[in-house]
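First comes the structure, then the notes that go with it.
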């Protein structure tokens, strides 16, 4: 592409690209990434790092990327759910020519895609690059995942809150991602470590392996909000979503991918895959929220606002606002609870559309507000009462 002089000419170019390319389709998501390739299998992508991702936005930049690829002889198949293409210095130069009207404005939070293209062009011009080290990824449909690059793009979208938890298709992610050893943020093929174990150890070059997993850690890719605290990097998996003000303590805490918080939450327990916790809630030490793969029959759990899960409790049903599960208590869908007549009256006040009985199972109480799950210490009976206290976090800590 030639150098574009004005914003009007840029807009005209974008429109021409969209109308002239056969079957053109705007991507759901796209971004430029650097990939880590295998140490033995040089064609195998182990990790994709995106400085900027776009989700249902910045379609003009996408059009320029697609046109620049076309100029390099790359034809995009818009019928595919995901497309990954290698990019080079010529691609970057063509994009910069098209972005010229906006180049002086591309700093801070403005025109992030132009900043990426400019920085990468300068980096390659100075230091060069390996073949296939940099790629552009397009997702055209929210379908099961096929590649590492597209999987990482969706995980970024979750962790950067571009999309809501549980709102995108992550089927295929486990199959697409390789199981690798991680050392200082770098993925290493296990086969490579096995094959060169002797040489690496004799040369005192065997890497310090921090963990082995398909997913990296959240903080390897995401910069959290200023008032978010994560006291142990191993406690949050990449693909988790943490709202501003969330605190993840060390010890028994854990937040899985496609799970997280929608407001300031104290996390000292486990938030399993697809579980969502509302603002002001407290997940006590060792408490567990079951995930779709761990006992909920595939039904994801949402915890409402200002709810307390006591230490070492287990929650297997969705909860509304202002609920309490006492420490050590396990609440499952099939667990039967007693509610006395006086408590029934109080519970109906905050759940007016619910039909209550003296004995109800956990699934019948799912999503209701103001529930206090307890166990009678005299007879062992599980009971539900109206929660009489509002759960509030210490604002100084969040």
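Heads up, the Cβ atoms here are built off N, Cα and C, so glycines get one too.
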For this session: Please pick, from 348, 361, the residue that Swiss-Prot records in the succinyl-CoA site together with 270, 285, 288, 311, 326, 327, 334, 374, 375, 376, 377.
Result: 361
Exercise. Within 10 Å of the Cβ of residue 376 (succinyl-CoA binding site), how many other Cβ atoms can be counted across all chains shown?
Worked result: 10
For this session: Please state how far apart, in Å and to a whole number, the two most distant Cα atoms are among 270, 285, 288, 311, 326, 327, 334, 361, 374, 375, 376, 377, the recorded succinyl-CoA-binding residues.
Result: 26
Seminar exercise, completed: By a 10 Å Cβ neighbour count, the lowest-scoring of the recorded positions 268, 326 is 326
